[in-house]
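Before any comments, here is the structure.
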Amino acid sequence: MGITAWYMDSSDEDQRTPHRLNPNQPVSLDQLKKLGVFYWKLNADIYETDPELEQIRREQGYSYMDIITIHKDTLPNYEEKLKMFFEEHLHLDDEIRYILDGQAYFDVRDKDDRWIRIAMSKGDLITLPAGIYHRFTLDETNYTKAMRLFVGEPVWKAYNRPADDFDIRQKYATASSRACFFWVLRDDSSSYIVVRLKRTLSWR
């Protein structure tokens, strides 16, 4: 089972609630791909030795990795960090997150500036393209454990909206195609998965 996504309502209700429209307006993986958002389902129970994760990291150059646990008992300045994560912002590099435990939401803007909520749970790996406006929040369980991946040394700087003057934002907003293909072999080598991953600019 993959991630689910939907268009959000405009309610000021707690950010951790689903915020679905009534009736619900689901968003497919294909729609997310058109925004440059890509997804894998992996086995988080074996993340330390998972050959599929290792191949993705090798193919995409994800040389940096760390793990963050977002919970009031483990994250310093918990409330302040949650507020910061939920500010609408962009990054100059891709954001790559792999949920090892718990649940969380990523919200992204579509081409018409509407919010799409992406529900993530254990085993979900997602890439958000550089230049996309987005935000992050926990759900009502108030807990997630995630792997953060990066090409080279991590750059955690976020630029809150408005940030339209950045070249990467302009490239993202005007790009008509950001997809390429690579192959990931299954463990038994009997079949393959084709994964599309965007490329908006050269990696460092």
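Placement of Cβ uses the backbone N, Cα and C atoms for every residue, glycine included.
Feature annotation from TrEMBL assigns Ni(2+) binding site to H89, H91, E95, H134. The annotation Fe(2+) binding site is assigned in TrEMBL to H89, H91, E95, H134. Per TrEMBL, the feature region 'Disordered' maps to 1-25.
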Among all the protein chains here, how many other CB atoms are within 10 A of the CB of H89 (Ni(2+) binding site)?
18
Is it possible to list how many residues within the region 'Disordered' (1-25) are helical, extended or coil according to DSSP?
0 helix, 6 strand, 19 coil
Can you count the other CB atoms that lie within 10 A of the CB of E95 (Ni(2+) binding site)?
21
For the recorded Fe(2+) site formed by H89, H91, E95, H134, which further same-chain residues have Cβ atoms within 8 Å of the site's Cβ center?
L90, L128, I132, Y133, R135, A158
